[in-house]
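Chemist: The compositional bias 'Basic and acidic residues' annotation in TrEMBL covers 83-94, 164-178. According to TrEMBL, the region 'Disordered' annotation covers 83-120, 156-189, 265-288. Among the features that TrEMBL reports, compositional bias 'Polar residues' is placed at 96-108, 266-280. If you look up TrEMBL, you'll see 227-484 marked as domain 'Aminoacyl-transfer RNA synthetases class-II family profile'. Annotation comment: TrEMBL describes Thr296, Arg327, Glu350, Asn456 as L-serine binding site. TrEMBL lists Arg327, Ala328, Glu329, Val343, His344, Glu345, Phe346, Glu420, Val421, Thr422, Ser423 with the feature ATP binding site. For Thr458, the entry in TrEMBL reads site 'Important for serine binding'.
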Amino acid sequence: MVKWGLQVSIPKRKLFNGHANRYLSQCGPRCRDSTAPKTYINRKHVRQNPELYSQNCLERKYKAQSDSPFKIVKLFDKWLESQKSTRERREKRNAIRTQLSRSRTFSGIQEEGQDGNGKQKTQLLEEAQDLKKQLSASEALEGQLDNEIEDLAITLPNLTSDQTPRRDEPKVLGHGNEHSNPPSTPHDRTWRNHVHIGREFDLIDFAGAATTSGWGWYYLKNEAASLERALVQYAIKVAVQHGITEVTPPSMVYTHIASRCGFQPRDQSGEQQVYGIQQSGKDEEKGKPSYSLAGTAEIPFAGMKANTVIDRADLPIRVVGSSRCYRAEAGARGVETKGLYRVHEFTKVEMFAWTAPGAENEDQIFHSMVAIQKEVLQNLGLRWRHLEMPAKDLGASAFRKQDFEVYFPSRREIDDGWGEVTSASICTDYQTRRLNTRVRNPAGSQAKMDFPSTVNGTALAVPRVLAAILENGWDDEEMCVRIPEVLWPWMDGVQAIKRKR
């Protein structure tokens with residue numbers, strides 16, 4: 001077998017949409033871990049519609065990302081130019097290899113005039129070496145450009161539904177239990193406030209938690225602790241009755257999983273959103289992926305199907321579970337966030353679903369979750385209103401979002417007493433493309449694989465609902481808190497909370 005004395009390696013060509021494992025650029029270099037799922041972001045659609053994506057960023061208050069679509073277009077043009085040069089160099093190198101294979105002189109420089117092939121061979125070998133260096137540099141440049149494009153694309157928020165208001169205010173879709181709120185009394189400023197009730201009835205300990213953990217933390221005691229358990233059990237019961245599978249998720253996740261779901265370490269204002277788990281020096285040196293505390297069960301639920309293929313016949317898959325949730329930014333300390341309204345850790349019952357792609361499938365699951373939210377609040381006797389949220393209030397992953405707010409007597413001077421307690425979102429394929437979750441279509445389908453859509457919805461967030469029950473259930477004549485009847489089965493016979501003697 002003929003040997004050249006020179007080996008010209010031909011690396012496997014990197015596809016432009018071949019997908020390196022990487023996290024959001026905000027996570028830093030060590031977020032680029034080999035354990036992260038591959039991403040399959042539709043960058044072609046971004047390149048073809050940069051104005052659409054830029055305007056979408058502005059409408060959703062992602063000003064920092066509004067130039068990214070145009071940067072992606074420019075970087076792709078550079079990538080194409082490099083690809084053209086690489087192709088020409090590769091063709092030239094292949095031609096040299098063909099010439100060398102036909103030569104009968106493989107070593108030494110022949111005297112000119114004796115055999116011109118000798119000198120020609122040496123020149124060809126030198127040229128091949130030079131081409132090898134150029135190809136290596138070109139491929140490195142293309143890889144760098146590909147990474148830059150991916151880093152920009154992965155930080156873009158999802159596109160926005162046509163049904164989402166572009167104005168600053170949400171659209172009110174409906175009300176419920178409108179007459180359940182008792183009339184105002186002279187005691188409202190004290191006894192219609194869950195912080196005061198919690199202190200007087202020995203239900204909530206904020207002072208002890210402040211010493212232990214700081215502001216934004218709390219202890220639930222006595223009937224309040226029982227009420228938390230009752231609320232969780234009730235919400236799960238309702239969801240399960242609607243055919244949803246109960247699952248208990250982990251509270252700690254890889255940072256890259258949270259990022260892929262649209263939960264960034266910091267929000268658009270630079271505020272810290274996620275609690276990160278400090279790595280040991282040994283783990284950091286080994287390049288082990290970092291951990292974060294989950295801000296919602298949506299994150300570990302979405303991660304359940306990362307790097308998996310789901311048969312289309314198995315969709316939709318719906319799960320519900322209770323978990324502890326952790327939010328690093330609990331808002332500025334003051335009347336608007338006093339008590340249980342905004343805290344760092346809380347219990348929440350979350351619904352999550354994977355569904356076949358397409359608006360009809362997404363809407364069906366979305367409206368079923370909204371119906372469960374409405375049923376829970378209606379049966380708790382809380383006065384509620386249903387909102388279609390504006391673009392500026394949508395998280396990165398949400399295509400469409402609806403909220404339920406309930407009335408808090410203690411917040412009458414803030415937002416007319418209304419406060420959010422649940423939300424539901426359609427995320428299309430935003431999360432599944434970033435988590436490499438695919439759906440296998442039946443034989444004969446136009447596309448063998450698709451990306452499923454995800455939908456999520458809060459069945460019940462305990463602290464705010466508990467606070468609303470304390471305030472709206474207050475009986476001024478009996479000086480007690482009436483517990484909603486649907487919770488009685490889990491309250492050990494307690495139907496009203498009274499002052500301890």
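Each Cβ is built from the backbone N, Cα and C atoms, and glycine gets one as well.
TrEMBL: automatically predicted annotations, no manual curation.
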Chemist: By a Cβ-Cβ criterion of under 8 Å, what residues six or more beyond either terminus of the compositional bias 'Basic and acidic residues' (83-94) are in contact with it?
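Modeler: Distant Cβ neighbours of the compositional bias 'Basic and acidic residues' (83-94) are 8, 10, 128, 131-132, 134-135, 138-139, 142.
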Chemist: Using the alpha carbons only, what distance in Å do you get between Val421 (ATP binding site) and Glu350 (L-serine binding site) once rounded?
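Modeler: The Cα atom of Val421 (ATP binding site) is 12 Å away from the Cα atom of Glu350 (L-serine binding site).
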Chemist: Measuring CB to CB from Ser423 (ATP binding site), give everything in the same chain under 8 Å that is also at least six residues away in sequence.
Modeler: Met389, Lys401, Gln402, Asp403, Phe404, Gly457, Thr458
Chemist: Give me the CA-CA distance between Thr296 (L-serine binding site) and Phe346 (ATP binding site), in Å, as a whole number.
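Modeler: If we compare the Cα positions of Thr296 (L-serine binding site) and Phe346 (ATP binding site), the gap is 10 Å.
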Chemist: My understanding is the cutoff is Cβ-Cβ under 8 Å with a sequence separation of 6 or more in the same chain; which residues meet that for Asn456 (L-serine binding site)?
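Modeler: Looking at Cβ-Cβ distances below 8 Å from Asn456 (L-serine binding site), excluding near sequence neighbours, one finds Thr296, Glu298, Phe301, Glu350, Met351, Phe352, Ala353, Met369, Ala424, Ser425, Cys427.
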Chemist: For the domain 'Aminoacyl-transfer RNA synthetases class-II family profile' (227-484), provide the mean pLDDT of the predicted model.
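Modeler: Average per-residue pLDDT within the domain 'Aminoacyl-transfer RNA synthetases class-II family profile' (227-484): 92.
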Chemist: Provide, as an integer number of angstrom, the distance between the C-alpha atoms of Arg327 (L-serine binding site) and Phe346 (ATP binding site).
Modeler: 9
Chemist: Using DSSP, what is the helix/strand/coil residue split across the compositional bias 'Basic and acidic residues' (83-94)?
Modeler: 12 helix, 0 strand, 0 coil
Chemist: Going by a 10 angstroms cut-off between Cβ atoms, which of the binding-site residues Glu329, Glu350 has the sparsest surroundings?
Modeler: Glu329
Chemist: Taking the Cβ of each of the recorded positions and counting other Cβ atoms inside 10 Å, which one has the highest number: Thr296, Thr458?
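Modeler: Result of the Cβ crowding comparison: Thr458.
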Chemist: What does DSSP give as the helix, strand and coil breakdown of the compositional bias 'Basic and acidic residues' (164-178)?
Modeler: 0 helix, 6 strand, 9 coil
Chemist: For a quick check of packing: other C-beta atoms within 10 Å of the C-beta of Val421 (ATP binding site), how many?
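Modeler: For Val421 (ATP binding site), the 10 Å Cβ neighbour count is 25.
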Chemist: Taking the Cβ of His344 (ATP binding site) as the centre, how many other Cβ atoms fall within a 10 Å radius?
Modeler: 19
